[in-house]
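Working notes, beginning with the structure itself.
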Amino acid sequence: MSAFIVLGAQWGDEGKGKMTDYLAEDAEVVVRYQGGNNAGHTVEVEDKQYKLHLIPSGVLYDTKLNVIGNGVVVDPKAFFHEIDYLQGVGVKVTPEKLVVSDRAHLIMPYHRVLDKLKEQARGKNDIGTTGKGIGPCYTDKFERCGIRVCDLLHKEVFEEKLRTNLEMKNPYITKVLGGEALKFDEILAEYLAFAERLRPYVQDTSVVVYDAIKANKKVLFEGAQGMLLDIDYGTYPYVTSSNTTAGGVSNGVGIGPTMITNAVGIAKAYTTRVGKGPFPTELNDEMGDWIREKGHEFGVTTGRARRCGWLDLVILKTTVRVCGLTSLAVTKIDTLAGLEKIKVCVGYKFNGKIIDYFPASLEDLAKCEPVYEEFEGWDDSVANARSYDQLPENAKKYLKRIEEITETRISIVSVGPRRDQTMRVAEL
Ligand code: GDP
Ligand code: IMO
Ligand code: MG
């Protein structure tokens, strides 16, 4: 049995798309289990670059089955937009290759509207969401008024649920948030058209994934966002609305945790974050700008500049603990090439003590001062390394120290965006 999780160990954009694509080579099934089209996963194959938001990164192979699990929130408009984009660039997408859970919740037009209006209403306390309707959709799921994929396939059920939702939401949108009312007929017509196009893709994906694992097929669970955007363990409230941790897989797919064999945390060799919220090792200076430019740190979904800072091992230790990581994959060590000195945060100074865990309270976190170790840099030749031996000595020292402090082995090192710029250095 082998079922692997690939998840973001920081604040997202660690290279999950690239790693999923790389590891999918010897997997048969690739599964998304949380989030929605707030994600932006980049995969580069030879000279082509693909950007995926909702569809699993295994889709670039012709022979893999891709699954959108029940824990994902599905915007049908974005789903078909992505299918059309993929078909347009020559990637085949058919119901034989892609299935969607009948239990997944649908992102509705009012979720997108609410996301934007609520952000505006928060003013300077906004979260900096992607505006894709993710939070309002998960809110309805837990409020128990959400509309699921299976509802969409039953016209009368869908109509009734849409009507009830609009009766509740339109007054809130217009009277409290100052927006415009949404029109029942327009949404109904749009979604009923989606229903017919979606129907062939819909399955009970818990059964699909369970059967695949039982049949000894390799299954890969592709996380979206990252550990510190987790609704429970992230920098709340500056988080997304799903469980991005390994714990999210079991609920988001409908399989027991004992069926999962490995969890690989993807970590950039430094740290980035998009949107608002605390970031202890952030570099609000020329060094931060240098990393952003060299690493092309601009969001795939919103185009926003990513905030950049030094690698924070307090974060990685937290991810190792909360997600039970079996190994780490470190990406973008080529981005740091050319720096004379590189810093790594190995703990926080808090109330006169050194701590190595992430405090829950943002007020306490604000008092934490990163404690750094300094490393000698390496040069751009790192991008040509194809095995661990070929890495510059200083890069090896850097990686060794990450392993020591996190007490976790590094299984993969990535030295560039392409599939071939990846090396397997240990067991996953
Ligand atoms: P994801 O959301 O975790 O899939 O990551 P994104 O796609 O949002 O951002 C990661 C970016 O880094 C993408 O542009 C990747 O092509 C790129 N990338 C991934 N690994 C490496 C690497 O090792 N080196 C460099 N230079 N770029 C990388
Ligand atoms: P991938 O999968 C980085 C961030 C947003 C915002 C917060 C809440 O590409 O790593 P949301 O729209 O989810 O309610 O926004 O979460 N965020 C991400 N940041 N990478 C992502 O996805 C993200 N998805 C959401 O910027 O701060
Ligand atoms: Mg991304």
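In case you wondered, yes, glycine gets a Cβ from its N, Cα and C as well.
TrEMBL: automatically predicted annotations, no manual curation.
Counting every protein chain shown, the Cβ of ASP13 (active site, proton acceptor) has 28 other Cβ atoms within 10 Å. As annotated by TrEMBL, active site, proton acceptor applies to ASP13.
Positions annotated as active site, proton donor by TrEMBL: HIS41. With a 10 A radius on its CB, HIS41 (active site, proton donor) counts 27 other CB atoms from all the protein chains.
Annotated active site per TrEMBL: LYS141, in sequence order. Look at LYS141 (active site): DSSP puts it in a helix.
According to DSSP, GLY40 (IMP binding site) is assigned to coil rather than to any helix or strand. Per TrEMBL, GTP binding site is recorded for 12-18, 40-42, ARG306, 332-334, 414-416.
Within 10 Å of the C-beta atom of GLY40 (IMP binding site) sit 19 other C-beta atoms, taking all shown protein chains into account. Annotation source TrEMBL lists IMP binding site at ASP13, GLU14, GLY15, LYS16, ASN38, ALA39, GLY40, HIS41, THR130, ARG144, GLN225, THR240, ARG304.
Residues or ranges marked as Mg(2+) binding site in TrEMBL: ASP13, GLY40.
Same-chain residues at least 6 positions away in sequence with a Cβ under 8 Å from that of ARG304 (IMP binding site) are, in sequence order, GLY128, VAL274, GLY275, PHE298. Sequence annotations record features per position, and here TrEMBL assigns substrate binding site to VAL300, THR301, THR302, GLY303, ARG304, ALA305, ARG306.
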Next item on the list: Select, from GLY15, GLY40, LYS141, VAL300, ARG306, each of the recorded positions with a Cβ positioned under 6 A from at least one atom of ligand 3; if none does, say none.
Entry: GLY40, VAL300
Item checked: Tertiary neighbours of VAL300 (substrate binding site) (same chain, Cβ under 8 Å, six or more apart) -> ASP13, GLY40, HIS41, THR42, LYS51, HIS53
Checklist line | By Cα-Cα distance, the member of recorded positions ASN38, THR130, LYS141, GLN225, THR302 nearest ILE333 (GTP binding site) | finding: GLN225
Next item on the list: Determine, using Cα-Cα distances only, which of these binding-site residues is closest to LYS141 (active site): GLY12, GLY15, LYS18, GLY303.
Entry: GLY12
